[in-house]
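Chemist: Feature table excerpt (Swiss-Prot):
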BINDING   Ser15, Leu16, Ser17, Thr62, Asn87, Asp102, Tyr222  shikimate binding site
ACT_SITE  Lys66  active site, proton acceptor
BINDING   Glu78, Gly127, Ala128, Gly129, Gly130, Ala131, Asn151, Arg152, Thr153, Leu154, Ala155, Lys156, Leu220, Gly243  NADP(+) binding site
Amino acid sequence: MKKLFGLLGHPVGHSLSPLMHNQMFQLLDFDGYYHAFDVEPSQLEKAVEGARALQMQGFNVTIPHKVTIMDYLDMVDEEAQEIGAVNTVVMKDGQLFGSNTDGQGYLESLMDVVTTPFPTQDVLIIGAGGAARAIGTVLKREKVRSITIANRTLAKAEEFSGVLESSETSCSALSLKEAEQQLERFSVIINTTSVGMSPRVDDMPLSLERLSRETVVSDLIYNPLETKFLREAKQKGAKTVDGLGMFVNQGALAFELWTGLRPDREKMRRCVLEQLGG
C-alpha cells in the first residue's frame, strides 16, 4: 500500500511540490504518493485530523497555515519554535512532529554564492513574514554581523528585529524608503516578499539605484525564475540567487525527514525547471 504524503495550503493549484516529490519516489523506487490539498483556514484542524485518520507519513505546510498548524501538532522542534512557523510535518508512531526546513534550505542555496565568512556579512531582509523569520533565524545562528529588516509596515519590522537581536548579530529596522537610501552598505539583500511574482512580473520590492556591484542579491520567488529585481541587480554587476535553490533544498530536506532517503537534488531542480519552461 502506497504511503501518503502531501501539502496543506490555500491555494495550492500552482504548487510544483507534487511533481518534484512524486518523481523522486519513482526514481528511488519508494512506494509513496504526494498530493496537494487545498485547505481553507477554517478547515485546517479537520484536515490535520484527516491526515491522522489516513495515516499520512508526512506533509508540507504552506501559506497561510505555517503558524496556525503548530496548534494541532504533538511536538514542534526547537528551530521551528524559534522561527514561529512549521513547513514540514512528520508522522511517527501516530504523533505529528513539526519542523522547518525553509531556513536551512535557503542557507544552503546562499552558500553556493557567498564565499566570504558569514560573520563579515551585513544582511538586508525585505519583508517580515514567515519566510523572513526562517531566514533571519538561520542567519543569526550563522552569526552574521548585522541583519536589517525592511518592511512596508515599519512596526512589524521593528518587532521582528527585536526578536532577532543577539550578542553576535546586531539587528535594526528600516522603512523601504530608508533601505533604498542605504542600499550600498549591505553585502547581501534578500527579498522574501511576493512582490515580482507572476503575474505581476514588472513589480519590484524596492529600487536598486544605490546598489553596489559587490552585493549579493537574492529573491525567494522562483516563478519567474529571474524576477525584474534580480535582472536589474545583474545589470548593475551584482551576483544573484534565484528562489529555485531554496525551493528544491527545503523539499529535499523534508523528503529526508519523511523517508530517511537522500533525493537527487539536481534531478529535483531539473524537474522543476522543465515545468517552468527553463
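Glycine is no exception: its Cβ is also placed from the backbone N, Cα and C atoms.
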Chemist: By a simple count of other Cβ atoms within 10 Å, which of Ser15, Thr62, Asn87, Asn151, Thr153, the binding-site residues in the record, is least packed?
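Modeler: Checked Ser15, Thr62, Asn87, Asn151, Thr153; of these binding-site residues, fewest Cβ neighbours within 10 Å: Thr153.
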Chemist: Just to be sure I understand the packing, how many Cβ atoms besides its own are within 10 Å of the Cβ of Tyr222 (shikimate binding site)?
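Modeler: Here the count is 22.
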Chemist: Can you name the residues of this chain that are 6 or more positions from Leu16 (shikimate binding site) yet have a C-beta less than 8 Å from its C-beta?
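Modeler: For Leu16 (shikimate binding site), the qualifying residues are Phe247, Val272, Gln275, Leu276.
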Chemist: At the level of the C-alpha atoms, what whole-angstrom distance separates Thr62 (shikimate binding site) and Ala128 (NADP(+) binding site)?
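Modeler: Cα to Cα, Thr62 (shikimate binding site) and Ala128 (NADP(+) binding site) are separated by 16 Å.
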Chemist: May I ask for the distance between Asp102 (shikimate binding site) and Gly130 (NADP(+) binding site), taken between their Cα atoms and rounded to an integer number of Å?
Modeler: 9
Chemist: Closest to Tyr222 (shikimate binding site): which of the binding-site residues Gly130, Thr153, Ala155, going by Cα position?
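Modeler: The smallest Cα gap between Tyr222 (shikimate binding site) and any of the binding-site residues is with Gly130.
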Chemist: Of the recorded positions listed here (Ser15, Ser17, Lys66, Asn87), which is spatially closest to Thr153 (NADP(+) binding site) when Cα positions are compared?
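Modeler: Closest by Cα: Lys66.
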Chemist: Rounded to the nearest Å, what's the C-alpha distance separating Lys66 (active site, proton acceptor) and Ala155 (NADP(+) binding site)? Just drop the number here, would you?
Modeler: 21
